[in-house]
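As structure tokens, the structure follows; a few thoughts come after it.
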Amino acid sequence: MEFITIVLSGILIGAGTYLILSKSVLRIIIGLSVLSHGIHLMLLTMGQLKRGNVPILEDSVTNYTDPLPQAMILTAIVISFALTAFSLVLALRNYKVLGSDDTETMKGAQNEN
Amino acid sequence: MTFIHFAIILPLIAAFLIAIINKYVKGIHLGWFVLPIPFIIVSYLFTLIPTIRNGETLLLNLNFMPRIGMNFDVYIDGLGLLFAILISGIGTLVVLYSIGYLSNKEKLLNFYIYLLMFMTAMLGVVLLDNVLMLYLFWELTSISSFLLIAFWTTKERSTYGAQKSMIITMFGGFMMLGGFILLSNLTGTFSIREMIIASDSVVGVGAGTLAVVLVLLGAFTKSAQFPFYVWLPDAMEAPTPVSAYLHSATMVKAGLYLVARFTPVFMLSTTWVWTILIVGLITLCWASFNAFIKDDLKAVLAFSTVSQLGLIMSLLGISGLAIVRGANEQIFTVAVVAAVFHIINHATFKGALFMVTGIIDHQTGTRSIKKLGGLMTIMPITFTMTLITSLSMAGIPPFNGFLSKEMFLEAMFEISNSNFSSLASVGFLFPLLAILGSIFTLLYSVKIVMQVFLGEDKKETPKQPKEASALLLISPAILSFLVVLFGLVPNLLTKSIIDPAAMSIINAVEPLNTKISHWHGFDSPALWATVVIILVGATLYYFRDTWIFIYKYIRSNYTINYLYDQGLNYSTIYSNRFTKMVMTGFLRTYMVYIFGFLVVLGLITIIKTGLNLDLSNLAPIGIQDMILVGVILTALLIIMITKSRMVSIIMLGAVGFSMALFFVFFRAPDLALTQLAIETVTTTLFLVCFYHLPKQSKLPEHRKFKLTNFVVAVGVGAVSILIGLSAFSNRLFESISQYHVDHVYDLAAGKNMVNVILVDFRGYDTVFETLVFGIAGIGIYILMRLSINRKDDKNEERAEESRL
């Protein structure tokens, strides 16, 4: 299973990269989201998968999955959400001011002169 | 802290004092307050002569930065004392001269502060024993020289010359520092004296040869040797007292000092000896050849300085041979003595000549030889001084230049006669080049006298010429007097100064008992060479119109100056072009760089370390997992190829919800919950944005663009898969999670391990994550509410201005 998730997260990261390299701001933000999905999956895989029970203490269970990567991913999800939300609003604002979501046309437009 | 330590920094202290004096004392020329300082120093240095004369040396320690071995240790031997006396002595005369030369309208305070700074720097260079301190003061000479050349900052030629001299001498300085560091690594010390003792470890090592080259680069750039002489003619834009002081008598001799000082260190290196000798001779001939054709008096003198420095440099090269061959071979020690003697002679006659040029410039308003003529009867005193010093420079008998030039020729003859195996076929070239250089020296010396003072008055000068004031005349008069004095009674100098200096160059212990007393000897070839030089020189000067055409063949774009200018020009052009090529201003380009480097570095690391895959311990795969993988891949594919923005947003949502399902399968309930909630909000946000954005989602991109994007993306994906696999296969130690599992209840009183880690074990992360969330919220709020566009901005600025 880990082999498959590693390959899948690699594909997600690659696809994210491809989207980030495009011209449209919205596609860049989508790419950012895809990239962070890939990284979350990679993080989880590194802590090994399916090796025991849900990490909630019960008397009868001795074997749990690793709780530490889960805590880290939780933090990462929230932060990447904050980032995505902010960049989306920024893109919106940018579009309203410049009338374009093409990064190529943004060059030099923001100069204050 | 002895007086000599104080004397070195005295000019710097004085620089502060005269700034105060300048503020409160008006009406008196500032130079009068500066004058006592070099005078005090030179008087003190004269009292050291008896000590040095007895073969003793002085070493005065003063700790400055002992931890890195950078100490203010003063070491006085014959060589250091000679240079220090030249610096402070000519410094006194130059300050005196500048009082007459610069009027009160000039920025005198700047001038004297730079000059005093320079004086400290030069004294430090020649008197300190520590190479790091030597470098420090060396660069201070470059900086103060830069400031002095650009003294008239409004003139374009001045700033050009200053920049040029700065670039070239700083380049040399840095190279020299590298040489010093290599040397100190080889010998284990920063002290020059100790380097001389440990000089065995320098010779024959590759690093030792590199050190030779680097130190020589420093010396050659400072002393304006071929091909680095180009800065000196342009440095003539400085005020004439500066040219006289820095660019004839002192700073340009710093390179000679360096070579002389390090001769015992590199004593057995043949690279050292032959490079110095050959470069010196080339410089001598090339510069004297070029000096003859110049029309500007100062340009003639600048090239003349370069050629004379080349002469001294070649003599120092032969002095190195003296050590190789053993100091008892008197023939080579002649060269050392000649070098030291010519350093003194050149300082006297060249200093005087520059001052005379300054007087001519001051009294007639021009320095162009073409416009001058027939000044002999108008300016008789100036004429006399020019005659004496020019003839000394040309090497005509009654003056001191003759003595040192004859010794120079003698040394050149000796080297061609000596049996260096490599010299058998080309040995005759040395005296030939020396004679050739001397002929041209004679030519331009005669030209100065003949075309400025003799002939008829051309009456083209901007000012009506008249004899200068006594204040201007006194300094060159003293120097001219010295020229005559040293010419007639050379032995005045031998015992007291020349011998100790020569001894420290070749590191000799035995007293030399120099042979200057034997200066009249009819059997020496040098005397006949002098006769030949005078005869050929006179003939060539008389028939100069018939051969002057050869100068026309030197096209302006073959000169080193042209190379320098074009080099500077093209380095600017190409660095601009490079920046424009790399920094395109497009986000995509920079992203390609970043991801591209990630791929390259990742691949290199993987290839170097090799992949060590161990996939034996994998979890089982369920059918539901495979379905999810299929869903995610399909959604990704659709995102990539779709043109509709709506579809890609929904597909992104599909990826997110599949991730939440993955979290469920992988037994992470908290993650699944969060992921579900957040994915919902994100999709909503995307849809809000979608409503406001233009219809077309995909902007047209070039095929080439797409291809690079695709290659980079595949690379990033592949590298992250490989890194993930190898990281997963090589588990170096067990996870610390067992601790959390064991103590989640007894230490933190919770059963949900993830939540306990988030708020208890690693609560700080959560605090700042909350902060990030808060900041994003505030940022979004501001972005939404703040409705300033550019027009409003300007209005506000205007309102601001009107309020003010």
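The backbone N, Cα and C atoms fix where each Cβ goes, glycine too.
Curation does not apply to TrEMBL; its annotations are automatic.
Summarising the annotation, TrEMBL assigns transmembrane segment to B:6-25 (among others). Counting only same-chain residues 6+ beyond the ends of the transmembrane segment (B:6-25), those with a CB under 8 A from a CB of the stretch are 33-34, 37-38, 40-41, 44-45, 74, 108-109, 112-113, 116-117, 119-120, 123-124, 127-128.
Residues or ranges marked as transmembrane segment by TrEMBL: B:32-52 (among others). Long-range contacts of the transmembrane segment (B:32-52) within the same chain, counting only residues at least 6 positions beyond its ends with a Cβ under 8 Å from a Cβ of the stretch, are 3-4, 7, 10-11, 14, 17-18, 21, 25, 58, 76-78, 81, 84-85, 88-89, 91-92, 95-96, 99, 112, 115-116, 119, 123, 496-497, 500.
What TrEMBL records for B:70-112 is domain 'NADH-Ubiquinone oxidoreductase (complex I) chain 5 N-terminal'. Among residues of the same chain six or more beyond the domain 'NADH-Ubiquinone oxidoreductase (complex I) chain 5 N-terminal' (B:70-112), those with a C-beta under 8 A of the stretch's C-beta atoms are 2, 4-5, 8, 15, 18-19, 22, 29-32, 34-35, 38-39, 41-42, 45-46, 48-49, 52, 57-64, 119, 122-123, 126-130, 132-133, 147-148, 151, 190-193, 239-241, 244-245, 249-250, 253, 257, 260-261, 340, 343-344, 347, 351, 355, 358, 362, 468-469, 471-472, 474-476, 478-479, 497-505.
What TrEMBL lists as transmembrane segment is B:72-97 (among others).
The domain 'NADH:quinone oxidoreductase/Mrp antiporter transmembrane' annotation in TrEMBL covers B:130-427.
Same-chain residues lying 6+ beyond the ends of the transmembrane segment (B:134-153) with a Cβ under 8 Å from its Cβ atoms: 107, 110-111, 114-115, 117-118, 120-125, 128, 159, 161-163, 165-166, 169-170, 173, 176-177, 180, 192, 218, 222, 235, 237-239, 242, 246, 251, 254. Feature annotation from TrEMBL assigns transmembrane segment to B:134-153 (among others).
Sequence-distant contacts of the transmembrane segment (B:272-293) (same chain, at least 6 residues past either end, Cβ-Cβ under 8 Å): 212-213, 216, 220, 224-226, 229, 259, 263, 266, 299-300, 303-304, 306-318, 320-321, 324, 430, 433-434, 436-438, 440-441, 443-444, 447, 548, 551. Feature annotation from TrEMBL assigns transmembrane segment to B:272-293 (among others).
As annotated by TrEMBL, transmembrane segment applies to B:300-324 (among others). Long-range Cβ contacts of the transmembrane segment (B:300-324) within its own chain (Cβ-Cβ under 8 Å, at least 6 residues beyond either end) map to 223-226, 229, 232-233, 235-236, 243, 247-248, 252-253, 255-256, 259-260, 263-264, 266-268, 270, 272-288, 290-292, 294, 332-333, 335-336, 338-339, 342-343, 346, 350, 353-354, 357, 369, 393, 408, 411-412, 415, 434, 437, 440-441, 444-445, 447-448, 502, 505-507.
Summarising the annotation, TrEMBL assigns transmembrane segment to B:330-360 (among others). Tertiary proximity for the transmembrane segment (B:330-360) is limited to same-chain residues at least six positions away from its ends with a CB under 8 Å from its CB atoms, namely 79, 82, 86, 90, 93-94, 97, 101, 240-241, 243-245, 248-250, 253, 256, 260, 297-298, 301, 304-305, 308-309, 311-312, 315-316, 318-319, 321-322, 367, 372, 375, 379, 382, 385-386, 388-390, 392-393, 399-401, 403-405, 407-408, 410-411, 414, 418, 448, 452, 468, 472-473, 475-476, 479-480, 482-483, 486, 490, 493-494, 497-499, 501-502, 505-506, 508, 512, 514-516.
For B:372-396 (among others), the entry in TrEMBL reads transmembrane segment.
Sequence annotations record features per position, and here TrEMBL assigns transmembrane segment to B:470-489 (among others).
Among residues of the same chain six or more beyond the transmembrane segment (B:590-607), those with a C-beta under 8 A of the stretch's C-beta atoms are 708-709, 712-713, 715-716, 718-720, 722-723, 726. Sequence annotations record features per position, and here TrEMBL assigns transmembrane segment to B:590-607 (among others).
Per TrEMBL, the feature domain 'MrpA C-terminal/MbhD' maps to B:631-695. Helix, strand and coil counts from DSSP across the domain 'MrpA C-terminal/MbhD' (B:631-695) read 56 helix, 1 strand, 8 coil.
Feature annotation from TrEMBL assigns transmembrane segment to B:705-728 (among others). Long-range contacts of the transmembrane segment (B:705-728) within the same chain: residues 588, 592, 595-596, 598-599, 602-603, 606, 609, 611-613, 615, each at least 6 residues beyond the stretch ends and with a Cβ under 8 Å from a Cβ of the stretch.
According to TrEMBL, the domain 'MrpA C-terminal/MbhE' annotation covers B:707-785. Per-residue pLDDT, averaged over the domain 'MrpA C-terminal/MbhE' (B:707-785), rounds to 91.
Listed by sequence, the residues of this chain that lie at least six past the ends of the transmembrane segment (B:766-784) yet keep a Cβ under 8 A from its Cβ atoms are 758-759. Taken from TrEMBL, the feature transmembrane segment applies to B:766-784 (among others).
Mapped onto DSSP classes, the domain 'NADH-Ubiquinone oxidoreductase (complex I) chain 5 N-terminal' (B:70-112) shows 29 helix, 4 strand, 10 coil.
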